[in-house]
Amino acid sequence: MGIEVVVLLTTLMLDAAVGEPPALLHPVVWYGKLISLLERAKFRKMLVEIFYGAFCCLIVITFALILSLLPFPYPLNFLWAVYLLFSSISVKSMVNHARVCVESGVDRKAVQMIVSRNTEELSEEQLCSAVIESVAENYVDGVVAPLFYFSIFGVAGAVVYRAVNTCDAMVGYRKGRYEAFGKFAARLDDILNYIPARLSLLFFELLKRGAFSYGLKRNVKLNGCAIAAMSYLLGVKLEKPGYYSLPGIEPSAADIERAIKAFVRLTVIAVIFTTIAVSIRIVLLTKLHF
């Protein structure tokens, strides 16, 4: 068994036990603080703002890459690799956040913790929809994408992806103050998510036949096919008022629980896929070496 497979399995056990690192020691928090610090500079010309935003995003990416390449001796290098991959995925923390929403009676403040839209304007069904959509999106951002890049580039791939994803989450807005500054981060995140988002549809297909084609046809945004697939899998209406509406029955708190169970099953599938992909890469690299 290759060392990267051991890193992956150890990471998953750590995630199941802990959930996520404390904020002070969380690399994703570091990326967020760094981009927040850099974005304070303002420029009047949009083109200059776009290039400066790209420069800042590249600084965060470089910082993340340096973290993944720090030359620790064994076994510290193994532990560091586990920690970085652990901080790049989000399984238990997503499950916990979604369950808090259910246990609170789908309270607006609880839902606001995991979505960017204004929950004060949403009905109870729309609040449930927002949570389910968040679970579906996190399956791509917090599971499939980091594991996909880990399977190709090792820990560095997962870490760099997470840095880009964090920049997008912080400043990658299509409108408002970050429209120019966050353009590069938003576009780069779209590019990096393109394959993982569609790969996730294959995993949905294993749970319900037809999910792959439905996700492609009903893609609510560039990489929102997992939302469409989750709607199809659960048979519920998922909507973001003013943006998209997927047909189905009105969602309830019980459907959030169903989404959580589906998320866990889909994560197991993604882990199996990643283990196989990493093993194949190791075998191919070994043959090329000899």
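Glycine residues also receive a Cβ, built from the backbone N, Cα and C atoms like all the rest.
Pulled from Swiss-Prot, these are the features on record:
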TRANSMEM  5-25  transmembrane segment
TRANSMEM  50-70  transmembrane segment
TRANSMEM  71-91  transmembrane segment
TRANSMEM  140-160  transmembrane segment
TRANSMEM  266-286  transmembrane segment
Other parts of the chain folded back onto the transmembrane segment (71-91), taken as Cβ under 8 Å at six or more residues beyond its ends: 3, 6-8, 10-12, 14-16, 18, 20-21, 26-28, 138, 141-143, 146-147, 150, 155, 158-159, 161-162, 264, 267
Cβ-Cβ under 8 Å with the transmembrane segment (5-25): same-chain residues at least 6 beyond its ends: 78, 81-83, 85-87, 89-93, 96, 147, 150, 155, 271, 274-275, 278-279, 282
